[in-house]
Amino acid sequence: MADATSPFNVSILDNSTKLSEMVESGWNVLASTSVQAFNEAMDVLEESYPLCKKMLDHNNLFPERDPNDTRIWCNATYDTVLCWPPTPANSSVTLQCPHMKGLDPNKNITKDCHVSGVWSGRNAGEMGPTLPGWTNFTMCYTDEVIYIMQNLNNESLTIAQEVARNARKLEFVGLGLSLVSLILAISIFSYFRRLRVFRNLLHLHLMIAMLMVVILRLVLYIDLIFTGENGPHTNSAEGKTINTMPIVCEGMFFFLEYFKTVTFCWMFLEGIYLNNQIVFGFFNSEPKLLPYFIAGYGIPLVHTMLWLLVVLIKKDFKVERCLGSYYLEPEFWILDGPRMAELVINLFFICNVIRVLYSKVRESNNTSEAGLKKSVKAAMMLLPLLGVPNIMQTIPFAPTRDNIMVFAVWTYTASFTYMYQGLMVASIYCFTNKEVNHVLKTFYARYRLLHKSQNELRRGSRSVASHYAAKNGTANASAPQTNNADEFGKLSPFPSRSKKGSDDSTTKLMKDAVMEEEKNANNNGYGSAGEMTPLREGSNRSTKSP
């Protein structure tokens with residue numbers, strides 16, 4: 001376990017997004033000090049030096065030394081990250097750390113100019129008039145990178161990096177499946193009026209919040225990939241990706257935390273509603289949605305804005321890039337504390353619902369295994385809804401050289417249970433819901449019937465048109481009219497003695513389908529308040545049985 005100051009003392013929920021970035025950035029920063037990275041950096045120095053001079057001019061630093069100064073100087077140089085101004089020999093120059101993954105821009109970094117007038121290197125081979133010397137970026141390391149250096153050796157760091165990459169792939173698949181399933185479920189609940197009962201509207205808003213979290217995470221993940229492809233030395237002022245856009249990046253993370261809080265809040269409202277319906281029977285009629293709507297979206301907004309205000313006040317309203325490592329700050333408990341409380345209360349709701357359902361089965365003297373399984377199954381449907389997978393996400397777990405394999409299993413399990421939560425919720429409350437399946441089957445049957453009926457009507461219309469065309473053509477002909485009836489009898493598919501009216505078999509089928517639909521529909525268009533969920537149906541059946 002991590003101590004209170006450990007950068008890994010953060011929920012795996014955020015590790016699923018941040019762990020790979022932290023480990024990969026730490027790995028890249030550590031690797032940037034290698035000889036291979038040094039040799040690769042030399043290839044771009046020649047073309048980067050003009051840019052370095054422009055940067056020095058922009059910062060009011062002299063790119064060239066004073067020709068009247070007879071002292072020995074180190075020339076201005078560019079180490080592919082920072083541009084260093086001319087510096088007198090046997091002295092040093094200090095600059096602010098760059099905005100890069102794994103580096104803290106609030107720290108400073110110092111570069112030494114050797115007494116011989118060349119930039120100091122780690123050894124004599126890295127010193128020369130045309131060489132940039134060695135920049136010791138360990139001065140800029142963030143707490144995460146320092147933690148990695150102190151607690152992970154090369155082998156465990158490699159494993160942690162592999163775990164982070166595999167977890168990212170697992171999350172991509174889970175987020176993609178959740179995205180598709182949530183869009184389908186939301187579309188179904190929104191399209192069919194019979195499904196717009198109160199309990200389904202709660203499910204609908206819960207899935208909307210989950211969908212927004214999924215979309216924001218996918219956008220940030222994809223942006224992180226593009227940021228990495230642009231290279232770690234991309235000029236942050238260019239704003240090519242979200243990660244390099246100051247206001248946009250902070251806004252994305254703010255809305256991510258907001259919709260995460262909205263998800264927790266709608267989970268909590270679902271728990272309150274179901275607990276009151278099953279345990280207390282508060283609502284003889286369905287409650288109004290407006291108070292739930294205000295609470296589900298308004299309270300999280302106030303909650304998230306309060307957290308952001310506290311963070312800004314602490315930092316004197318100087319916002320860090322992408323809000324920095326906000327998930328490591330103690331102020332993050334302003335968000336995580338109430339979320340944890342909602343999860344604990346919802347777990348109590350689950351246990352209480354199971355207890356009530358079990359007692360109702362016993363009181364009804366129906367102790368059959370099938371009845372008990374049905375009640376427990378209905379209660380277990382609440383598990384993904386009320387956020388049990390999130391409990392695993394909120395338990396801090398730190399990787400060290402001693403528990404790296406346990407950490408790998410923990411990370412994979414936590415990533416799977418959270419990132420696939422949207423898929424599980426959509427499956428349980430939509431795709432496997434008998435009521436939804438019945439509505440979809442009815443819709444498909446009516447669609448097939450309508451399609452078949454239209455084809456039959458079109459075929460009938462063509463036959464009637466052929467009949468009249470044949471009749472008119474015969475009447476206008478100059479040939480004798482004695483065989484008109486015989487010719488008509490050969491051309492017409494219908495008996496000449498009778499015609500079917502509008503109430504033929506096809507029309508009757510259409511009327512039956514429409515009457516059946518009108519019979520099942522509610523007058524106000526929002527479904528019946530007394531419709532039974534599997535949960536309520538099992539509860540009421542147990543109560544009414546002798």
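Every residue gets a Cβ built from N, Cα and C, even glycine.
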Which candidate, of N108, N476, Swiss-Prot gives the annotation N-linked glycosylation site: N476
Membrane-side pairing of V248 with S359, Swiss-Prot annotation: no
Candidate set N68, N366, residue annotated N-linked glycosylation site in Swiss-Prot: N366
Site from N9, N154, N472 that Swiss-Prot describes as N-linked glycosylation site, others unannotated there: N472
Swiss-Prot annotation, N-linked glycosylation site - which of N90, N365: N365
Range from 206-226, 252-272, 293-313 with the greatest count of C-beta pairs under 8 A to the transmembrane segment (404-424): 206-226
Segment-segment contact (the transmembrane segment (334-354); the transmembrane segment (252-272)) at 3 or more Cβ pairs under 8 Å: yes
Cβ-Cβ under 8 Å with the transmembrane segment (172-192): same-chain residues at least 6 beyond its ends: 200-201, 203-204, 207-208, 210-211, 214-215, 217-218, 221, 415-416, 419-423, 425-427, 429-431, 436, 439-440, 443
